[in-house]
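The structure under discussion appears below in the form of structure tokens.
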Amino acid sequence: MPGNGALAALAALLLPASVAVAALFAAFAPDPYMDEPFHVPQTQRYCAGHWREWEPKITTFPGLYLFGTALGHAVHAAQRLLGIRPAALCGTAVLRATNLLFAAACLPLFLAAARQLDPSRSRQQAALLAAVCFLFPVHYFFSFLYYTDVPSLFFTLAAYLASRRRRYRLAAALGAAAVLVRQTNAVWVAFCLGDALLERCLPGSSGGSGRSRDSGAAGTTQRSSRNSSVSGGRSSGSSRKRSGVAGGGPGLASDLATLLRRAWLLKAQLASDLWPLAAVVAAFAAFVVANGGIVVGDKAHHAAVRHLAQPLYFLLYCTACLAPAFWSPPTLAAAARGVAAAARQRPAAAGAAAAAAAAAAVAAVSSGTLAHPFLLADNRHYAFYLWRRVLNRTPWARYALIPAYLYSGWALQRRLAHRGPLWLLLAAGGTCAVLVPAHLLEPRYFTTPFYLAFLHMRTPSPRALAAIAAGFAAVNAATLYLFLAAPFAWPDGSVARFMW
């Protein structure tokens, strides 16, 4: 495990505060809330041995409930062994501790990912990245509730790191666990499969610590590459910028041809090595066909749609969350100089690309801005206020954000360009496959693609990372305070709380 000292320091700094926050939840919000009234009773049925009983409103596979049941029985057995009077089997506080344990387990994964996906990062950079990941507000908030988010991220990230180390059977097992917790993680298992193909057939194309032992078998040599500088980025790492990344077309076509040729030459070895990941994806595809959709229950409220504005929301969400690295005046000034230089060098191509991107964004906003009935009716979520006061404030308000969407997409592409055009397409495709079918505007859906983008991008400066971490801590303090200390009355007389 890289950086054991850094991991111990991060754990000593971050975990005691999380335990204290969990105690505050138990004291001030002890009852199941929002989705927990579905998750908690279902787990308690399992804890009581009623394995055939199922709540029809639940949309996910029972992975969370299996882990909660295991922890509930373990805690109950430990209490009896220690002579402590056992509390209620699988009570809410114990089940919430499931997510707290997964959140703690995510910390070494964040640190390992920070080092593995760019070995040139310094210890300080890796530790700051891990701290930022741990404090990411949506992830941090749901560490204290009994939701699928935290175990979903844990298994997805663990599967990806195992795949990057070519431990494909382990990656498939972890990926299957991720799907068992949340179905859409099948997309990220497919992403792991695609990334493995890129790493094996185009060594260096996806960066990180991938090896190139198959290059000789394919009878080709890796092309020379060079590092690229990105405004605001410090670390280039071992990731390589393949020819044509900035321009797009020629490099993409060349890489695709190389990928197909080498995949064919290595087909026997690739099939032998990668079939476990492919089996997980194929099994889930078979389930979708047999089930008529990806959700288990409540299909009427979770039908797939074409929510084309979701990727635009995600782009702005990423840069807004990382504002010190993307929206500071020096960064914006550097971006303006870069755009101006590109326009001077290739004015026709730059103008055509900008016009095409703007037209696509306008079309997505015009025909793909959707509002789920839950979004319109539930004022307990921050997204409700974002929709009413920003996105739908006036008929033209949603269009006013298009320049911010375009900048965010351009800036993220610059930060990730060294990963190669095929990797960028793979990541963008996975993100769209998860977000576009989702009718509900829900920040929780952005979590996994946000982490993938953040951990792969060129590393912001230590000062920017420290500012991001401080901002996340402040947001966490505010949202936790609002949830715990500012309840209000819901129309049905129940207690309501603000949350993500």
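Each residue, glycine too, has its Cβ placed from N, Cα and C.
Features as listed in TrEMBL:
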type     : residues : note
SIGNAL   : 1-22     : signal peptide
TRANSMEM : 93-114   : transmembrane segment
TRANSMEM : 126-148  : transmembrane segment
REGION   : 204-248  : region 'Disordered'
COMPBIAS : 215-238  : compositional bias 'Low complexity'
TRANSMEM : 274-294  : transmembrane segment
TRANSMEM : 314-336  : transmembrane segment
TRANSMEM : 348-376  : transmembrane segment
TRANSMEM : 422-441  : transmembrane segment
TRANSMEM : 464-490  : transmembrane segment
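The transmembrane segment (314-336) is in contact with the transmembrane segment (464-490), judged by 3+ CB-CB distances under 8 Å for residue pairs 6 or more apart in sequence. Listed stretches 93-114, 126-148, 274-294, 348-376, 464-490 were compared with the transmembrane segment (422-441); the greatest number of C-beta pairs under 8 angstroms is found for 348-376. Residues of the same chain lying 6 or more positions beyond the ends of the signal peptide (1-22) and with a Cβ under 8 Å from any Cβ of it are 96-97, 100, 103-104, 107-108, 111-112, 115-116, 123, 126-127, 130-131, 134-135, 140, 143-144, 480.
Spatially, the transmembrane segment (464-490) is adjacent to the transmembrane segment (126-148); three or more Cβ-Cβ distances between them are under 8 Å for residues at least 6 apart in sequence.
Taking Cβ pairs closer than 8 Å, the transmembrane segment (126-148) reaches residues 2-3, 6-7, 9-10, 13-14, 18, 21-22, 25, 32-36, 39-40, 43, 60, 63-64, 68, 92, 95-96, 98-100, 102-103, 106-107, 110-111, 113-115, 181-182, 321, 443-444, 446-447, 450-451, 454-455, 459, 462, 465-466, 468-469, 472-473, 475-476, 479-480, 483, 499-500 in its own chain, all 6 or more past its ends. Long-range contacts of the transmembrane segment (348-376) within the same chain, counting only residues at least 6 positions beyond its ends with a Cβ under 8 Å from a Cβ of the stretch, are 247, 301, 305-312, 339, 342, 383-384, 387, 391-392, 398-399, 402, 405-406, 409-410, 439-441.
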